[in-house]
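Accompanying notes for the structure given below.
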Amino acid sequence: MGAFALFAVLAMAVTMAVAEQCGSQAGGATCPNCLCCSRFGWCGSTSDYCGDGCQSQCAGCGGGGTPVTPTPTPSGGGGVSSIVSRALFDRMLLHRNDGACQAKGFYTYDAFVAAAGAFPGFGTTGSTDTRKREVAAFLAQTSHETTGGWATAPDGAFAWGYCFKQERGATSNYCTPSAQWPCAPGKSYYGRGPIQLSHNYNYGPAGRAIGVDLLRNPDLVATDPTVSFKTAMWFWMTAQAPKPSSHAVITGQWSPSGTDRAAGRVPGFGVITNIVNGGIECGHGQDSRVADRIGFYKRYCDILRVGYGNNLDCYNQRPFA
């Protein structure tokens, strides 16, 4: 064997011994310096990395590629139903079926569990406390997005999550011209479902990830409860550069970069709010919307009997670029 061939084999062996750097193989991490993430979880800038199967930053940090949902190794402690029973679900989302709620009868426990089954890492990663915090954080963020509560509401404002299933009074079709995710004629991409999925550039990749054409059928997010929950879980589980996935944050798989730390973005529930709506809610001191998200989170953690963790707000965090 020639010296060059021997070097190549040794280099390959060293490479294989190092953990993957990005994408689904690395908890949804993105590559530094706008490099592409290959289908195999490695960073680079050639067609081997940026071509077919590229997971993120396929055209640099300006876009390209389809965000990939990470599927971390489950802890082996059972599915999400082992963390949240039907009775607990009903207690947490106490007034979702109130007669005044637009979504009455829509958000069912069975749909929640079925959707979670399509994302094996959701609510199954890490210790029991980590799993509980993930479910609490997910339901808190989505409860804020769909809340029907008010300050003097029966049982408190934080008992009224999941009251709405679609945006009220939408005045835009939320269509951004895109060759990759073209809008269908006559369709609107306003907020729907638990996370209030908006814009064609989110409906497109969400639909591809769950196997449904949501560009042509966006109303499914407000008419099929399992599809609805799946879109929210897709958003939760999927890193979109430069943001990590909410799942990676709450399960402790995200390590903030120096840039993140300089911006005040450190692990905790607060950075998830930054991921969801940081451009509007974070970085300018106290904000009632951030406080509302925290209120839901604390209530759900209390019901699940788990600690809140640190860094709950994003008042002093700069939004992700």
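Glycine residues also receive a Cβ, built from the backbone N, Cα and C atoms like all the rest.
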Checklist entry - Pick from C22, C43, C50: which one does Swiss-Prot say forms the disulfide with C36? => result C50
Checklist entry - C43, C54: which one closes the disulfide with C58 in Swiss-Prot? => result C54
Checklist entry - C101 forms a disulfide with which residue in Swiss-Prot, given the options C37, C43, C163? => result C163
Next on the checklist: Given the disulfide-bonded residues C36, C37, C101, tell me which ones have a C-alpha lying within 10 Å of the C-alpha of C314 (disulfide bond).
Outcome noted: none
Item to check | Largest tally of Cβ atoms lying within 10 Å of a Cβ, found at which of the disulfide-bonded residues C36, C54, C58, C301 | outcome: C36
